[in-house]
Amino acid sequence: MSSLSRELVFLILQFLEEEKFKESVHKLEKESGFYFNMKFFEEKVLAGEWDEVEKYLAGFTKVDDNRYSMKIFFEIRKQKYLEALDRQDKAKGVEILVGDLKVFSTFNEELYKEITQLLTLTNFRDNEQLSKYGDTKTARSIMLVELKKLIEANPLFRDKLAFPTLKSSRLRTLINQSLNWQHQLCKNPRPNPDIKTLFIDHTCSPTNGPLAPAPVNLPVAAVAKPATYTSLGAHGPFPATGAAANAGALAGWMANASAPSSVQAAIVTASSIPIPQNQVSVLKRQRTPPTAPGIIDYQNPDHELMKRLRPAQSVQEATYPASRQQASWSLEDLPRTVAFSLHQGSTVMSMDFHPSHHTLLLVGSVNGEITLWELISQERLFSKPFKIWDLQACSLQFQDPGFKDASISVTRVAWSPDGNFVGAAFNRHLIHLYAYNGPNDLRQHLEIDAHVGGVNDLAFAHPNKQLCVVTCGDDKLIKVWDLTGQRLFNFEGHEASVYSICPHQKDNIQVSQMEAKGSTVFPFDFSVIAAWEAEDREYSREINCDASAVFIFSTSIDGKIKAWLYDNMGPRVDYEAPGRCCTTMRYSADGSRLFSCGTSKDGDSFLVEWNESEGSIKRSFLGFRKKSADVVQFDTTQNHFLAAGDDGQIKFWDMENINFLTATDADGGLQTLPRLRFNKEGNLLAVTTADNGFKILANTAGLRSLRAVETHSFEASRPPMEPAALKVSGTSSIVNASPVNLKVERSSPVGPSPILNGVGPMNRSMEKPRTVDDVIDKTKPWQLAEIVDPGQCRLVTLPNSTDTSSKVVRLLYTNSGVGMLALGANGTQKLWKWPRNEQNPSGKATANVAPQHWQPNSGLLMTNDVSGVNLEEAVPCIALSKNDSYVMSATGGKVSLFNMMTFKVMTTFMSPPPASTFLAFHPQDNNIIAIGMEDSTIHIYNVRVDEVKSKLKGHQKRVTGLAFSTNLNILVSSGADAQLCIWSIDTWEKRKSVAIQIPTGKSPTGDTRVQFHSNQTHLLVVHETQLAIYDASKMERIHQWVPQDAICAPVSYAAYSCNSQLIYATFSDGNIGVFDSDNLRLRCRIAPSAYNGSQIAHPLVVATHPLDPNQLAVGLTDGSVKVIEPAESEKKWGTSPPVDNGVINGRTTSSSTTSNHTPDQLQR
C-alpha cells in the first residue's frame, strides 16, 4: 500500500473516532495493521476479554513471528490458564492447555510439562514460582506492564504505536478543499452554491451572466458538523483562474518564499506574485487542469491529487528473532555522562566521527591543524599542521613572502561516507583531501584552490554514483569537484557569502509520470523534480517509474535558503530561513526529516523542522536563551533527538516535542556556544570546551565502547605540558613498566596529558605525533613488544574447557560480548557466560573474572550430527545469528540449527554428501545462508522455504571461507585451492577470480580464510603461508606478510579486532602475533609461555571481542579456551612501529614486518 493510502487510513480512523464508530475504528486498526491502539488493548486485557485481545493482536503479529511475539501470546494464554485454575475450572484449564499452550511445547518442553503439573495442585500457588500470585485484577495489571514492554520492543510494532498528529476533522477539511477546487473550475461559478452530494463532481448550473467565484459553503447535513468543522475561510482564497494556479503552483510558491516562514498558505495565486526568471525556467511547459475534474480517487494511487512522494521501502520478514529495537526512548539514551576531556591545544572549529569506526574522531582547529583521535585509548593517531602542498598552483596571496600559515584556520572537517577520504576546508581559499587507509596511513590526495576568500563548508556527495566534494565560500558560490580536482558544477545565485551546504539523496522514489507532471508539486520535494527531468516529457503517459533525487541545500549569511540539482539551471528553491538567520541544515539519520538551526543578526536563535513536501516550517523548537553573539550549532541523532550548544550547555530535544527535554553543562568548562557532533550510533557526543579542547559525553552503551581504557578524570583535565618542563632524567618520574614500553608514572610532576593524548605544544609542526618513547630517548630504536611471562598479561582459562580428546576447532564470542561459544572436533559445542557482579559490573567477557560453563536445566548438549562421519577428515563450520538466539553448525554431517537458550535442535538440513564446510548468514536477511561445500560449490539456501535458491560454481577444491560486503554488494569466497572468488549478491553471478600469491617453495594447499574490515572494502586473507590485505573493490593485494624472523611457523588462524585496527594471528608453534591492520606490521608477540604453561598444545583458532579491541580468545589443541588481555598497566598490545620513508628508526623494513613484493619476486 502506498504511503498516501496509509495516511488515508489514519484520516478515516480519525473520522470514525470523531463519529463514535468505536467497533469500526478497532476493526480498521486491526485489518490495516497501521496503528496499534494501546489504550484499547489495555482495556481488553484488564477486562480479561482474552479472545478479543488475541483477535486484535492477530492483526499485527502471529505467535511464531519472533521471540517477542511468542512471549506476548504466551503471557496472555498463561494468564488465561491460571485464571481458569483459580476458578477451579479444571476442564477449561485442560482446554487452554491443549488448545492454546501446546504450541509452546516445541520451544520449551520442560516449561510446558511444569505448566501441565499445575493441574494436579489444589491451589497452583503451592508452586514456588507462583507463590506470590495475588488476585486476578492485580495479576492482570502486572502482566500488562510486561506486555507493554514486549510490544514496545517488538520490531513488528515499530512505527505503529503512535497516532500521527492531525488537526481535528482533517478528512472533512480535505473534502471541503476538493469541493472548492471543483467549484473554482466551474464554467459558470455561482456564489454560495448548494452542494448536496459527494457522489458526483460539483458543477454550477448556467446563469444569465458571469459571477465571481465564491467559497463553497457545504450543507451541514452533507459533510460538516457545526461544532467541529473548520470553516473554509481558514484555507485562504482561490486563485483567479484554475489553469494559472496549476501551472504556476511551483513557481508561485517559490516566489512567495520571501513571506514569513511561520505563515502557510494552502494555495498561492500565481498571477498575483511576480516570478523570478530563474524560477520560471523550472517550469518546462504550462500545465492545464483536466477538462473533467473530479473528486480524488483514493483507491487508485496513480490519481492522487496531492500525493506526497517518499522513497519506497522494502520490508523483509525474517524467521529468526530480530535484535531488540526500542519503539520508545528514555533520557538514558542521550549521551550526557562525561567520559573524559581531551586537550587539543588550539580552539576546536569542527569535528566529525568516522562513519564506521565510531570511536575515531576527526578534529580541525583554529591553528589550521587537523587531528585524528582514537577515543578508546585517548590517543592522537596523527596530527597534520596546515601546510601548502603545491605553492605554485595556489593563489598569488599564498606566494607572497609576507604570507604566514599562522593566519590559516580550519572551517570544516569531514569524512567521506565510506570513510576512505578526509576533507578539510580552510578560511583561505583552500581545501585538502587526504586518502585514509588506516590509523597510521593518511596520505595527501588533492589540494584545491577552491574559492576566493574563505571556504565556509565542505561535504561529500554521490551525484550519478560518483563520489564528489561540494564546497561553498565567501565568493557566494557553491562548487562540485571530482576526486581528481576537476570542477563539475558551479552554482551561482546567492547574494551573500554561502555559509553552509547540505547535500542529500533520495533513492527509489516511486512516482508516475502523470502525477509528477500534472499535479501540484511543492518545491522541497525533489523526488518530483528529479522525476520530471529524468523522464521524457510526454504528459499523456501514465507509466510508473523509479526516480532518484540528488540535490544540495545551501544557506547564506543573509538568511537565504536555496536548493540545486546537479545541472546548470539555477536554484530550484529560494526561501528565507526563520528570522533571516545564518543557518545550517541537517537531515535525520534515516534521511526522512529535515531540520535547520541558526542565529539571526539580532542574536535570536531558531531550531525548526521543515515540512519537506510543502516547503514550510512544521515545528519550531523552544528553549534558546534570548540573545547569542554567534551562530548556534546543532546535530541530530538516532532519528529521535536534536542537540544544540547554547549558553554554555548542550540542550536536547525530542523531535516530536517543541519543548527541550533536558540540558547538561558537561561538568562545566564548555564554550559559550559549544560545537558538537554525535557519532553514527548516537552513543557518543563530542563537545568543545573553552580551554582549547573537547569533552566526550556518552550514554551507557557509549561508556561500554570506551571501557577498554579507563581514564582518570584528573589526567584528562590537566593543563597542557609546558615545553620547558619536558625533560628526561633517571629519577622516579620515569619507570620501566616492561621490557618494551615506557610510560610516565602517575605520580610524576610532569603532566602527561599532551603526550598520552597525542602531540604537545612544542611538536605541533611535526608530521607524526610524538610518543613517550620519543620524549625519553630519541635515539632508542623501537622494539617489538614481547609477552613471554604470564605476569605481562591478564589471562583466564575457561572452566570445563580442557578436553584432550576434542581440540577446539571453531571459536566465537557472542555478539553481545557476554559469552563464548566453542565447537570441538567431536561436534559438541560449549557455551560460557560471564556473570554480572561487583568484580564484573558490565557482565561482559573479561580476563579478570572466570565465566560459568552454561547449560540448560535439561542437561542437553549442542551436538552436531556426526553419524557416519570421519571426524579426522570433517571440516567443522559454525555461524551465530545477530541476536545470539540461534547457532548453526555442522561437523561433516547435516547442518543443525540450535536454540541457544534450550540447546534444542530446531531443524536440520543439507544432508551430505557433499558436506558443508563453511556457513555465513546473509547480512541483511537471516533467512538466507551462504553454505560452502566439500564439492567446491556454494549453496545459497533459504531456511524459511527449505530451498537452495542458487548454486555457485567457481572453486576447484572445498570452500573454506565466505565473507559478505554490503558496501560493495558482493560475497567473497575462498577455498583450499588458494583461489578467491567474487560473487554479486544481486544476481549471484561470479564477477572475478583471483589466485593468492604463494611464496616461493611453499605449496598452495591448506585452508584459505577471508574476513572483511569494518570499512567493508579491505579484505583480510589468511593462509598458512601468509597474511594479506586486499582492496576488494579491485581485488588487488595491498599488503602481504610472510612468517619469518620473530615468528616463522605456519599461520593457523587470524581475525580482525572489533574496530579493525588490529589483526590477531595464531601460529602452529604456539605464538600469537598482533599486527597493525593498515600495514601488517608486527607490533607484539605473545609467546606460548605467557598463556600456556605446558606449551604442548597450540592454538588452532582465535576470536576477538566484539566491543574490546584488545581482548582475544584462543582455542587450543588440548580442548582448552583462553581469554587474554594486556596487563592493566599497559592497556594495549605494544605500539605501532614508527615509520619514516620506509625506515623504522634507522633500519630498513624487513619482509617479516611487511612485504609488498610483486608475484614474480615472491616466486623467485
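The backbone N, Cα and C atoms fix where each Cβ goes, glycine too.
Just so you know, TrEMBL annotations are computer predictions that nobody has curated.
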Write down the single range among 170-192, 584-606, 745-767 that appears in TrEMBL as region 'Disordered'.
-> 745-767
Please give the average pLDDT for the repeat 'WD' (632-663) in this predicted model.
-> 92
Cβ contacts under 8 Å made by the repeat 'WD' (448-483) with residues that lie 6+ beyond its boundaries = 393-395, 411-418, 421, 423-431, 433, 489-492, 494-503, 505, 550, 552, 554, 556, 564, 566
Please indicate, using numbers and ranges, the residues of the same chain that are 6 or more beyond the repeat 'WD' (632-663) and have a C-beta under 8 Å from a C-beta there.
-> 329, 331, 333-334, 336, 584, 586-590, 592-593, 595, 597-599, 605, 607, 609, 619-625, 670-678, 682, 685, 687-688, 697
